[in-house]
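Below you'll find the structure, written out as structure tokens, and then a few comments.
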Amino acid sequence: MPRLVLVSFLFLAIFSVFIGGFAKSKCPRNEIFTRCHAACQPSCARLARKPFCIKICKPGCICTSGYLRNKNNVCVPRSRCFSGRLL
């Protein structure tokens, strides 16, 4: 039984590293891969206020510098966040 647990753990660890390598190349346009980012990424909705956010080490894609997530979760230039309306 302990051997099965060890083999299962090793398989999951290797699989996680293997899958993690593919995540880097699958980021959408205007996003980059990072191994550790905050749970609440900068967004157009949060631009006017600074929310309390706990930084967790979560790998994934984040908006590149100068871009924020819009209501459709797409990274857009900061200038497009409020097009057509005032702050």
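Glycine is no exception: its Cβ is also placed from the backbone N, Cα and C atoms.
Per Swiss-Prot, the cysteine from C27, C53, C57 that shares a disulfide bond with C40 is C53. Of the listed cysteines (C57, C61, C63), only C57 is recorded by Swiss-Prot as the disulfide partner of C36.
Secondary structure at C53 (disulfide bond), as computed by DSSP, is coil.
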